Amino acid sequence: MTRTRAALLLFTALATSLGFNLDTEELTAFRVDSAGFGDSVVQYANSWVVVGAPQKITAANQTGGLYQCGYSTGACEPIGLQVPPEAVNMSLGLSLASTTSPSQLLACGPTVHHECGRNMYLTGLCFLLGPTQLTQRLPVSRQECPRQEQDIVFLIDGSGSISSRNFATMMNFVRAVISQFQRPSTQFSLMQFSNKFQTHFTFEEFRRSSNPLSLLASVHQLQGFTYTATAIQNVVHRLFHASYGARRDAAKILIVITDGKKEGDSLDYKDVIPMADAAGIIRYAIGVGLAFQNRNSWKELNDIASKPSQEHIFKVEDFDALKDIQNQLKEKIFAIEGTETTSSSSFELEMAQEGFSAVFTPDGPVLGAVGSFTWSGGAFLYPPNMSPTFINMSQENVDMRDSYLGYSTELALWKGVQSLVLGAPRYQHTGKAVIFTQVSRQWRMKAEVTGTQIGSYFGASLCSVDVDSDGSTDLVLIGAPHYYEQTRGGQVSVCPLPRGWRRWWCDAVLYGEQGHPWGRFGAALTVLGDVNGDKLTDVVIGAPGEEENRGAVYLFHGVLGPSISPSHSQRIAGSQLSSRLQYFGQALSGGQDLTQDGLVDLAVGARGQVLLLRTRPVLWVGVSMQFIPAEIPRSAFECREQVVSEQTLVQSNICLYIDKRSKNLLGSRDLQSSVTLDLALDPGRLSPRATFQETKNRSLSRVRVLGLKAHCENFNLLLPSCVEDSVTPITLRLNFTLVGKPLLAFRNLRPMLAADAQRYFTASLPFEKNCGADHICQDNLGISFSFPGLKSLLVGSNLELNAEVMVWNDGEDSYGTTITFSHPAGLSYRYVAEGQKQGQLRSLHLTCDSAPVGSQGTWSTSCRINHLIFRGGAQITFLATFDVSPKAVLGDRLLLTANVSSENNTPRTSKTTFQLELPVKYAVYTVVSSHEQFTKYLNFSESEEKESHVAMHRYQVNNLGQRDLPVSINFWVPVELNQEAVWMDVEVSHPQNPSLRCSSEKIAPPASDFLAHIQKNPVLDCSIAGCLRFRCDVPSFSVQEELDFTLKGNLSFGWVRQILQKKVSVVSVAEITFDTSVYSQLPGQEAFMRAQTTTVLEKYKVHNPTPLIVGSSIGGLLLLALITAVLYKVGFFKRQYKEMMEEANGQIAPENGTQTPSPPSEK
């Protein structure tokens, strides 16, 4: 048994552990070569780590062992206990518990094997130890074997088929069986049967007899037939009756011995066996002789015996062989003791396994008894000098079978009143935790909470936590180590202790890291104490299955509420400490100072070893920062030119105050730390306005080794003589890190900075203000603006709105001067153009941003004079440009309001606010055009003057703008000239919307000389003709919408003779109109609002073609006769005839078989 100290000196390990409360650099490992060492662990008497080794084999039939391990000696020694010989294989050390007031240790072995007949029971045994000796053994005495009362009847065959010798042998067998059982738990009765029945003694007579075996002396054979069924009926109705001494709660057993099948009996077995079953009689049938080799005889034994028959039948070849089965019969009868009866309580605690869990309470130790009452479970409370009290759910009428109540036990206190919390991880396969409290000296269930996942083992571990250390339990942690998720295994529920008799619920759940689905997070829980110095209790949770059973432990801090932080502050993996560790975190114990440094320690059990981890002392750092002088004088930063000419010196004084935050026994001189100071001027600014004299730049670093005292240092700052921004104070930022120095006297224990300690500090160095003798700046601001060159705003055409703004200050210097514009949402700020300035030392910069104000669609644009002072007597002019949304809705007038304010908090005046209105119209782009499909040309003759022809004009109307609007489409059609109809029955149609209605009205012709006008310009329109005007109103002409209109009527020809023209153009006109007070056509696009369509009308003359046809025909005939005569004269017709004849002769000759010679060719 040796002690191993592991010093992890690697830089990476050191770096990762600096911010953690549990020290992993210097730890103590206790190793013992005993099976199960580390399965349980408990801190004891602020000096020892007590470790259980429940699997250790100490001697024959003895298992388990205890060890006490000391930090100072680094060794483990066995704790010698006088284990009684009856504590067979008890697994001592499987559960451990301790208390400090007074110092007591409870070590339990819950697997004491107790043999009763053929049954092996599991009870428990615990040892209560004081600082020097064993004080008590729990339970005080060994549990005796349960005594089940048994009433046994022998029903023996006395028929004539049995010889007197065999009858005597059978009686000896009966005598031997009776002698194997003890009174008073077992009593016998004897009846002999043939065709007669004789009761030799009853249970009552057996109980009264001083020598029961003497009752067998008067038994003589009856002789006769074999009435077995009737005999069984007599036994059921008579011997197993209370009047014959039968006991109500005793097991009823009937042993029938016969040499053959029943004979002459009027009853059948089916008549009597159901009676025996209803009475709960267990029947054994013993068949003697060769008769039972017959199938029918064997069936009788099956009918007599209880089921299963093979367990209740004995068959021997002769009576001499009965002695061979007497032990078998005995064992079978003994085995009946393990069966349950309706009211028996003898077997309720035979598998109790007391001490499976243990906890100390003010009233005495409590031992979990998970196996009691068919593994329903419960717990025993052992008050001093009093009988134990059994606590379970029997009074709650709840089915708790196989729940393992008492698997874990914990004490809860609320204002001095104690409650007991028991875990039942197998309750309905999901688990449960139950709170018991005393009511009228009876332990009753107060509240319960159940698990949510089958197999999660909710309630396998419990931990009572007093977060705020006020002496009352605030919450109970309930582990469910087998809770399964895809990426992590196990969880711990945080359940506030219910007040009064309210429902118990859990308001949070703690988890381990992801990636460990078999981690068993929550297998072990312990209270560690306040390790980070915030005066709130912290807890540790074990996860022994993580990283392939290497294990890990998690530290969770307490938080106000009170509750537990949902995220862990530290995780220690077993592989981080040693590659050989297995099941690290399977047992935990914390809260005591074993290393004598005033800090609580943590003992962690693993396979074959226990590791002792110390907590580190926690430090707190306070900081103060001052400047000398407290503000920068004006002479140091005011200048009229942007030239750095000289520098001013300012001194900064920084003090650090280091103190202990956690209570410990370490001296002030012992605790030292390496502190790194990182200083920066104007962090976040592109260029600093000051530098350190030491480094000539904006940053500086120093490293100091400091103890628990105040430490101050001075730093000189240099400032340029011309500062661009003298409004915003110069910022000095301090960032420090603290690394504790190892304490050699305490095995290199390192202090640490509190995790929630502030590490960043800032101080501001302001600039002196020019505010007069009273140091209160009273500015006098004013503002006005105009819209240069703009009389009205045309939305959709004017994409920008320019406001020329003038701001002035007639008072003292103004700081943080801001100009705020209030405008509709249709306007959005774009940019400002800086203009003229008067009275300012340096240039001005304006920075603007916009934001909505309220829910009325109003926006606010603020422009800050950045970051300078707006001097008294100064005046600036700038141009603010706003984008105007083409779809903006601004009403008929735009109101723009401007306000000027400052950080001087000077009361507002009429000059600080200015507003101006601007008329608003909305630009539209509507177009009307003539459609290409219309009647372009018509002609007629004089004979058709009284007729007419259908004419059609078509127009297309489009909204090409970005806004819907109501419009009217007007059409002018000439219908009358000098009281004569021109265009008749004219109608307007709109195919896309037949429901659109158009109105019409006649317009009289102007009083003018139409004939003179049309002679100059042969065009008929409404300037000279009477017209019909159509008006079609469109309530909403949508964006990109297209409308088609058709004018159709009968165009007459008769009126044309008035104008003395053969060709004239008939013109219709279409025009778009709208409300010009609201809308305006885009500039330059007005011509597209009007269009016309023209149809040309022409008159023609009709000519007579007869003379021309007759003259042409006669002339043609005369010409043909002349040509024929000429051809005849030249012999044209004769030559042709001769050639035709010769060709005909040439074709006939070959047919007659002779060849006609060719005429000689002419030469």
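Yeah, the Cβs are placed from backbone N, Cα and C, and that goes for glycine too.
According to Swiss-Prot:
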- Asp530, Asn532, Asp534, Asp538: Ca(2+) 2 binding site (BINDING)
- Asp593, Asp597, Asp601: Ca(2+) 3 binding site (BINDING)
- Asn61: N-linked glycosylation site (CARBOHYD)
- Asn89: N-linked glycosylation site (CARBOHYD)
- Asn392: N-linked glycosylation site (CARBOHYD)
- Asn697: N-linked glycosylation site (CARBOHYD)
- Asn735: N-linked glycosylation site (CARBOHYD)
- Asn899: N-linked glycosylation site (CARBOHYD)
- Asn939: N-linked glycosylation site (CARBOHYD)
- Asn1050: N-linked glycosylation site (CARBOHYD)
- 23-78: repeat 'FG-GAP 1' (REPEAT)
- 444-504: repeat 'FG-GAP 5' (REPEAT)
- 1131-1135: motif 'GFFKR motif' (MOTIF)
- 1-19: signal peptide (SIGNAL)
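Feature map: Swiss-Prot annotations on the structure.
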residue	record	contacts (Cβ under 8 Å, 6+ apart)
Asn61	N-linked glycosylation site	Pro85, Val88, Asn89, His113
Asn392	N-linked glycosylation site	Ser372, Phe373, Ser376, Gly377, Gly378, Ala379, Met400, Leu405
Asp530	Ca(2+) 2 binding site	Ser469, Leu536, Thr537, Asp538, Gly558, Val600, Ser662
Asn532	Ca(2+) 2 binding site	Asn21, Asp538, His557, Ser569, Val618, Arg661, Ser662, Ala754, Ala755, Asp756
Asp597	Ca(2+) 3 binding site	Arg614, Pro617, Asn664, Leu665, Leu666, Phe746, Leu749
Asn735	N-linked glycosylation site	Leu677, Asp678, Leu679, Ala680, Arg759, Tyr760, Phe761
Asn899	N-linked glycosylation site	Ile783, Ile819, Thr820, Ser822, Thr912, Thr913, Phe914
Asn939	N-linked glycosylation site	Leu1097, Glu1098, Lys1099, Tyr1100
Asn1050	N-linked glycosylation site	Ser948, His949, Val950, Ala951, Trp983, Met984, Asp985
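Highlighted in sequence order, Gln592, Leu594, Thr595, Gln596, Gly598, Leu599, Val600, Arg614, Thr615 have their Cβ within 8 Å of the centre of the Cβ atoms of Asp593, Asp597, Asp601, the residues recorded for Ca(2+) 3, and are not part of that set. Straight-line distance linking the Cα atoms of Asp601 (Ca(2+) 3 binding site) and Asp534 (Ca(2+) 2 binding site), rounded to a whole number, equals 17 Å. Neighbour list (Asn697 (N-linked glycosylation site), Cβ cut-off 8 Å, at least 6 residues apart, same chain): Thr691. Here the repeat 'FG-GAP 5' (444-504) has, by DSSP, the following mix of helix, strand and coil residues: 0 helix, 32 strand, 29 coil. Secondary structure at Asn1050 (N-linked glycosylation site), as computed by DSSP, is strand. On its own chain, Asp534 (Ca(2+) 2 binding site) has His557, Gly558, Ala754, Asp756 as residues at least 6 apart in sequence with a Cβ closer than 8 Å to its own Cβ.
Working note on the binding-site residues Asp538, Asp593: by count of other C-beta atoms within 10 Å of each C-beta, Asp538 ranks first. Apart from the site residues Asp530, Asn532, Asp534, Asp538, the chain places the Cβ of Asn21, Gly529, Val531, Gly533, Lys535, Leu536, Thr537, His557, Gly558, Ser662 no farther than 8 Å from the centroid of the site's Cβ atoms, the recorded Ca(2+) 2 location. By a simple count of nearby Cβ atoms, those within 10 Å, the most crowded of the recorded positions Asn89, Asp601 is Asp601. According to its DSSP assignment, Asn392 (N-linked glycosylation site) is coil. For the repeat 'FG-GAP 1' (23-78), the DSSP counts in helix, strand and coil order read 0 helix, 31 strand, 25 coil.
Under the three-state DSSP scheme, Asn899 (N-linked glycosylation site) falls in the strand class.
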